[in-house]
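Student: Right, I'll just put the structure down here and ask away after.
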Amino acid sequence: MHYRRARPASSTIALSLPSTGMVQSTATTGDSRKKNIAKTSLNLLISALKITKEMASACPPLRLAVEALLIVLEAYKGYSEATEAIETLLSRIQPLNDILEKVQSNGDCPQALKDRLTVLASKVTEVVKAAKEVQSTRWILQLMNSANYMEKTESWMKMLDWHIRSFVLEGTIMLELTVNQGIISMNSRFNQVVEGINELHKGLDILAHDALYRSLRPVIEAELYYGSSVHVQCHENTRMEVLATLCSWLHPGHPRLATLPAPVVRALSDRSIVWLHALAGSGKSTIALTVAGWWEKDELLGASYFCARDGQRSNINCIFRTIAYQLALRFSVFREHLTKILEAHPNLYSSDPTRQLEKLIVEPLKAVHANANGEAPFPAHVAVVIDALDECTDNKATSTILKSLARYIDQLSPLKFLITSRLEENITQGFLLQSLDENTHRLALNKIPEDLTKRDITVFLRSRLAAIGNVFDLGASWPAPERLENLVDLSELLFIFAALAARYIEDQAERDPDGRLRSLLDAGNAAAAKRGTSTSVFPILDALYIQVLETAAKGLGDALKAQLKLILGTIVLAEQRLSPATLDALLDLPTGTVRRVLPVFGAILIIPDREDNTTPIGIIHLSFPNFLVDPTRCTDQGFLVRPRIQHSHITFRCLSIMNLALKYNILEVVSEHDRVLNGEIPNLSARLSQRIPAALEYACRYWTTHLCKAEIGEDLLTALEEFCTSHLLHWLEVLSLLGCIDGVVEALQSVQACLKANVPSLLYDCERAVRAFYPIISTSAMHMYSTIAIFAPLDAPIRGLAAANARTLLAVRVGLENTWSDTLVLRVTDGQDIEALAFSPDGTYIACGHADGTAQLLNAHTGTELRAFEGNAKELIWSLSFSPIGKELLSGSHDGAVDLWDVATGANLYTWEAHSASVNSVAWSPDGTLAASASDDKTVRLWRSASPETTVVLQHDDRVHHVIFAPDGDLLSGSHENTCKIWNTRGVDWGMEANIKLNRTLKHDTWVTTVAVSLDSRLVACGLENGEIVLWTKSDGQRLRSLLGQSPVISLVFYPSSLLAAAYEMSPFALWDVSTGAPVKRVDNTYARAAAFASDSLHIVHAVADEFNVRLWPSELKQNATRTKAISRKLKQLVQRSSVEDREPAENGRTDLEAATISPTGKLVLAVYGDELRIYEVVRVREGEQIAAERSEVAICD
């Protein structure tokens, strides 16, 4: 896109400088006397101008002119001094080079000395090369960077001095070592040096690990021994047959197998995955934890990830990056290659799981194998354990993690995966994928013989109860065999019941195990007797929970009882697990309240030790939260948690905490660091932990989630209003520092949808600001304020909030709008020119097809890349189309190929090469069973998505530009032969030579570029090359009317209420009322290569070159409107550059802007256009405030 530049103001001063040759001549010729005279004259002139500037305060134009001239003369002075210094440096180096060459050419010179001389010569050569590069730089750029070159010259002089001194010192040491006879003493010293080097290596390893941690951001809480804080290992001598099965699968010949019984089923050791699945409470996690511990001791464990529904452990985007981190810690050769990949792709931690698996695990493994040199860099068997995959948040119809594994499973050797889960639908579907189905050994715990499970539960309970009886002196015969058997029967083969029962019976506070056993058996037997009338799936387990809760509540005072439901409700509904201290702070309870309440719930909760202030409270099993919020299971109203009311209270507390604690510059970063990236803030991790307490972090992360589930009341709205008016940007600052900006737009949209008529206007403002300035907000929290204050619309309320905190501001004088424009996102992609665009059906994603044959999936809210589709396409992509449910993507390319992609993983699922020329359009049928493609080879190809091998050919007489399915299933194709054909695709006999009926042909005066069909399949709109849109009735081919445009139509779509959206190549987009033929709205456009409309009737995306623009239809009719195209954004980028290598001619014939800088006083901007200088006046927002030279904002002059 071409941007207009601001014209210089009346105060602009055009300066002419000596030609390049003259300047160089001045710097390189003339005797010393002339140079001194010139220097003296220049210094006197500068002094005189400084005096004139101070005396000219009464005449601003004169003062401005003098100040501008001073800037140029001082820059010229610095340039001359820098040039002279470089020449002096080179003149001193030449004799040194002569000496080095002479000594090295001497045949009697010892080899050791020659080697040292060679090293010294190379250092000298580096300095010479750097100095000559500066000399060869264009004079005008030397002028702009003179101060920098002076600093470089001084550093080169110091470097040369240091290298020479080092050379002499090294020679002295070598001489003394040769003649010194104290060899024993020296050896001792060398040993110390070796030890120091070893310690240095250890330190470097630690630093490398720390760098990996910062790059990958692994979830440490999900690793093996963190998992053990919630789950426990299998009781001794239980589950042995299952454990044997897993061990024989991983390593059939391992010595540990000699100590185990025969596997419960034959292990398929050639499979790369074991899927261990069962109902909740069957002991899956206990088995996973046990076998992972064994493999850790046997040095067979590569990594582990114990999922949980709290915090990051439930985030599927964290799994593969955490696994990669653990593999890097265990295998140095893997770490070496992973580090190189991270250097090239530093933001992989934020990529989707498929890309993380590819880049962080698959590619390092490939590099390890490729550089093995016949050695085995890895053990032959390396286990990766992923436990409780069903507890991760993943709304896809097929598990994203499993789809990713399916794509790369044959490239992951020697890794073998143990995955445990319940039988959730999306996980089951994942394991049905062909590549996983062929590589997975399914191990169902419910298929294990019941007698083995009952035996293990009996062993567990007998052992635990015997230990309890021993502690309380109940005798060797306690409990009676029949009571033990009764308890085993009540467990219904659920290990979680047995574990909870034991914890309940041994309660130290009650100290009545026999009484508790009796009450537990009575409650369980009563529940068993009512089994036929209970609506619960687990009536006996529910009875146990009720028994635990009622018994615990008896030991609490009235005040604590009143707080009990609030505490338990927050524990089970919180988005992540919280420590007792954090829970106290979040709920505004007196310090220590949670610790006083929870010990009586030891049967169902894991409470950290009293001196442990960071470990969160754990829930023994997920069945307890499910029980507590389900009125059909928790029948005691005193304990039943009503989620909407509980979420209301949590939301109110989150807002209250933020209103009290949030502030500008919460980390108290000093002013010299207030423009750095978040990752460059000194001691960031320590500052975060000190300045952002856990309760505040939780509130910032999750208040929007809780609000959307809450019952909205007046108190909540009042707290929200206070938050929005006082702390909205402070909240964004914290999220930016925490790296959590990605989901802000969706979160704010959800809040606005939830509040409906009660939405504070600032929430919409905040959403628009995040969309517009996402690259800055997500990477530099402190820079966010000045960016919004300068570039947000003039009347936007959030602009005032930002201005109150921005430390130094410049004003944009041209290019800003009063209110938010219809442009939501304006981004430049990393690929080549964009040739095709498509919205996903739900409007959350945008697919971009590029001229280099690649495609990208982008976040429609922020424009960030989510993944790339890279595969078979060799040439540019002309068209894209999402499947009706958004799971697949079709692309048509210039080489005649049609590719089918998996949206979740980016995998290429299938490629058709049936066309002999460019594919211009692709489309899906409304039910997703059929797909079609249109080509320059004069054909349309139709195929079934379930069996793509067979295609049907539909013939045209010229190139076919567009193809689309009507909602009723008919297929329409527009071509270069000036026609649109309507085909009947229903009732096709795919088993014979296909015969598709042509219903009718719609004829036009010029070629048809695009076609759309109304939602009721009644109307057809044909967009033509001349800008005309012709409306037809589809049933009888009657021509209704024409809608006239000014340039070729590139995209059409029908909206409800008789509206037709049209995108034109070189004229404004239009929203037409087809019933009247009148335009309803227009969106400015000067040129668009591709365009697409979202299904929500609101959003448009269009592209020019490699830039795409997501926009809204305006709220009012805007005709013949013109806008300044992001001048401030363009100039801001240019001011930050010191030079531009690729320049294009500007509109006035000058070369484009080469460099720019702001004067030390902050009053002027000096811009370089080729050999021309222009100076622009800056207007400060705050009178008298100094503006730093390195400011990244820019003032644009009238």
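Keep in mind that glycine also has a Cβ here, set from the backbone N, Cα and C atoms.
No curator has checked TrEMBL annotations; they are predicted automatically.
Copying in the features that TrEMBL gives for the protein in this structure:
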type	residues	note
DOMAIN	269-422	domain 'Nephrocystin 3-like N-terminal'
DOMAIN	808-874	domain 'Anaphase-promoting complex subunit 4-like WD40'
REPEAT	877-911	repeat 'WD'
REPEAT	912-953	repeat 'WD'
REPEAT	953-986	repeat 'WD'
REPEAT	1001-1042	repeat 'WD'
Student: Kindly state the mean pLDDT of the domain 'Nephrocystin 3-like N-terminal' (269-422) in the predicted structure.
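Tutor: Summing pLDDT over the domain 'Nephrocystin 3-like N-terminal' (269-422) and dividing by its length gives 89.
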Student: With Cβ-Cβ distances below 8 Å as the criterion, list the same-chain residues six or more beyond the ends of the repeat 'WD' (912-953) that contact it, or say none.
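Tutor: That would be 878-885, 888, 890-900, 959-965, 967, 969, 971, 973, 975, 983, 985, 988, 990, 994, 996.
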Student: Per DSSP, what is the helix/strand/coil residue tally across the repeat 'WD' (912-953)?
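Tutor: Once the DSSP states are binned, the repeat 'WD' (912-953) shows 0 helix, 22 strand, 20 coil.
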Student: Using DSSP, break the domain 'Anaphase-promoting complex subunit 4-like WD40' (808-874) down into helix, strand and coil residues and give each count.
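Tutor: When I sort the residues of the domain 'Anaphase-promoting complex subunit 4-like WD40' (808-874) into the three classes, I find 0 helix, 30 strand, 37 coil.
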